[in-house]
Amino acid sequence: MEKKATSNETQLLTSKKDVSGCNEEEDCRENELLIRNPKSALRLVEDGNKVHPSQGDKEEAAPISNGYSGVQSSGPCNGMGGVEDAQCTAPAATTTTTTTTSATCRAEGQQQLMELEDRETWSKKIDFLLSVIGYAVDLGNVWRFPYICYQNGGGAFLIPYTIMAIFGGIPLFYMELALGQYHRNGCISIWRKICPIFKGIGFAICIIDLYVASYYNTIMAWAFYYLVSSFTTELPWTSCTNAWNTGNCTNYFSKDNVSWTLYSISPAEEFYTRQVLQVHRSNGLDDLGGISWQLTLCLLLIFTIVYFSIWKGVKTSGKVVWVTATFPYIILFILLVRGATLPGAWRGVLYYLKPDWQKLLATEVWVDAAAQIFFSLGPGFGVLLAYASYNKFHNNCYQDALVTSTVNCMTSFVSGFVIFTVLGYMAEMRNEDVSEVAKDTGPSLLFITYAEAIANMPASTFFAIIFFLMLLTLGLDSTFAGLEGVITGVLDEFPHVWSKRRELFVLGLIIICFLGSLATLTFGGAYVVKLFEEYATGPAVLTVVFLEAVAVAWFYGITQFCNDVKEMLGFAPGWYWRVCWVAISPIFLLVKTATEIPIGDIRMNAV
């Protein structure tokens, strides 16, 4: 927790010494704390944190490092309780006016000091690290990375992936952590200190976070439906005798000799499409159909969990992530061991890692590597700014960026083994090539292919329960983070309205996200999810982060930004980081943005 200002510091800030006697030849001082100089800078150093002008000495008002800026106006107040230089040379006749102005400035300084003291911080450093790791490691690490890896050259794909991480993803990740920690503001109000003309970026981030929360949590509702359905002796997607099955349902793993035809559908696929999603009751985006009450109840419960996890702030969510951020790793280890012991597992691993060096010559492979590392680390959603803003001022965010980025990338790589050992097992059982089994992408890889493999393992109920619990915890971390980005941004921008009403604001936010999710809970909701995922999120986030990188490196200034980092950490970023922030990362984002819009039939690829 941040240390509060000592009684001496408070006395210095609220000193009643009259400044009207200052002359032109002499600096105006108040108990030796406020020193008149051409730049009107104020520094208040505490044991654990700093109050400082976060743009160097550029602003008329000295901002405070916790995110509460001094009053930026043409009025007489300078920073926190200081008086503009002109007031120091006022004639004796204006003593009364000057004294009144000084008292007003002192009152504003006291209010801002109270805001500094009231700002929440992480209870422990590990709470912050687990929260960032939980945000970065999400469902995409489990289904997207393995698919993209084998599709783009297997082991050879690790080369462009690593290069894009080093020169694109990690520098942007580090930049956002440093910005949030230095300025101690959310995604909206931080732009007052960096470059006010770009403040619209903050509002755009909040809008993106809201509609992402609306469709992303629907995928978690699907996982919750599977979880509830797993508490049976026989998993419901193992047979073709259920009410939702059709005549085309064919069980691969039946003991009888089964002939697979062009029209055959596995029971796992019919459970997913006809029982969970019920897409057969919709005609597409133009006719979504009614709302599934089962999925609605699942989503309502998920949002209830989310609300009571984040309603009190990072001290509450920082405790919850001890479970939600660590549990997936335990389950991944169990599934990895189980998958490695399955017959045919080696076939999947070989297919996953066998390098195809020729694919490195294809431009789309490098574009996919850039996309994967970017969406995996997740800059641009305001989350890293928000989480870092609750750190202590001198926290080593450079080390945090390297540790969390490495953990995230390694998790993606290990998840590939978890998925492909099972795909190799499926290929062995079907007597097919792994490429035929690994056709499913996105959520269907988890909810059809992997679910079917689990259903035909010994102790299938146990593995199904822990697998879908893992998906839920992976998704919950990301939801906590995305909504915290909005909450911190709005509360810092409008502190006088919402700072004392956080619980009420969070409740309203959850209700808005739930209502926004209703379209994704319809029988055609999978089409809506696909629409948002393919066309809305990617291009918007890439554009936002591109503008953010340009604003910081070119408008705020790379020199000023590096000086800020040096003030926090004691050392300035080297030439490698500077080159990345000024040129490589913006180019990385610009190229990816230009190639992000996909071409295809949303309806045909919805599930």
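Including glycine, each Cβ sits where the backbone N, Cα and C put it.
Database features, via TrEMBL:
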type: REGION; residues: 1-26; note: region 'Disordered'
type: DOMAIN; residues: 50-75; note: domain 'Sodium:neurotransmitter symporter serotonin N-terminal'
type: TRANSMEM; residues: 128-146; note: transmembrane segment
type: BINDING; residues: Gly134, Ala136, Val137, Asn141, Ser376, Asn408, Leu474, Asp477, Ser478; note: Na(+) binding site
type: TRANSMEM; residues: 158-179; note: transmembrane segment
type: TRANSMEM; residues: 200-228; note: transmembrane segment
type: DISULFID; residues: Cys240-Cys249; note: disulfide bond
type: TRANSMEM; residues: 291-308; note: transmembrane segment
type: TRANSMEM; residues: 320-346; note: transmembrane segment
type: TRANSMEM; residues: 366-390; note: transmembrane segment
type: TRANSMEM; residues: 402-427; note: transmembrane segment
type: TRANSMEM; residues: 447-472; note: transmembrane segment
type: TRANSMEM; residues: 504-529; note: transmembrane segment
type: TRANSMEM; residues: 535-556; note: transmembrane segment
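The structure, with features from TrEMBL marked on it.
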| residue | record | contacts (Cβ under 8 Å, 6+ apart) |
| --- | --- | --- |
| Gly134 | Na(+) binding site | Val321, Thr324, Ala325, Asp477, Ser478, Phe480, Ala481 |
| Val137 | Na(+) binding site | Ala325, Pro328, Val407, Asn408, Thr411, Leu474, Asp477 |
| Cys240 | disulfide bond | Cys249, Thr250, Asn251, Pro267, Glu270 |
| Ser376 | Na(+) binding site | Ala136, Gly140, Asn141, Arg144, Phe145, Gly169, Asn408, Cys409, Ser412 |
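Here the transmembrane segment (200-228) does not lie next to the transmembrane segment (320-346) in space: the count of CB pairs under 8 Å, restricted to residues six or more apart, is fewer than 3. With a cut-off of 8 Å on Cβ pairs spaced 6 or more residues apart, the transmembrane segment (291-308) and the transmembrane segment (504-529) reach 3 or more such pairs and are scored as touching. Of the Cβ pairs linking the transmembrane segment (320-346) with the transmembrane segment (447-472) and spaced 6 or more residues apart, 3 or more are under 8 Å, so the two regions touch.
By number of Cβ pairs under 8 Å, the transmembrane segment (158-179) is matched best by 366-390 from the list 128-146, 366-390, 447-472, 535-556. With Cβ pairs under 8 Å as the measure, the transmembrane segment (535-556) is packed most heavily against 366-390, out of 128-146, 366-390, 447-472, 504-529.
Fewest Cβ neighbours within 10 Å among the recorded positions Cys249, Leu474: this applies to Cys249. In the predicted structure, the domain 'Sodium:neurotransmitter symporter serotonin N-terminal' (50-75) carries a mean pLDDT of 38. For Ser478 (Na(+) binding site), the number of other Cβ atoms no farther than 10 Å from its own Cβ, over all displayed protein chains, is 25.
With a threshold of 8 Å between CB atoms, the same-chain residues lying at least 6 positions outside the transmembrane segment (366-390) that come near it are 66-67, 119-122, 128, 131-132, 135-136, 140-141, 144-145, 148, 151-152, 157, 160-161, 163-165, 168-170, 172-173, 175-181, 183-187, 190, 202, 205-206, 208-209, 212, 314, 397, 405, 408-409, 412, 481-482, 484-489, 492, 538, 541-542, 544-545, 548, 588-589, 591-592, 595-596. Each of Ile133, Tyr135, Asp138, Gly140, Gly378, Thr411 belongs to the same chain as Gly134, Ala136, Val137, Asn141, Ser376, Asn408, Leu474, Asp477, Ser478, is absent from that list, and has a C-beta within 8 angstroms of the C-beta centroid marking the Na(+) site.
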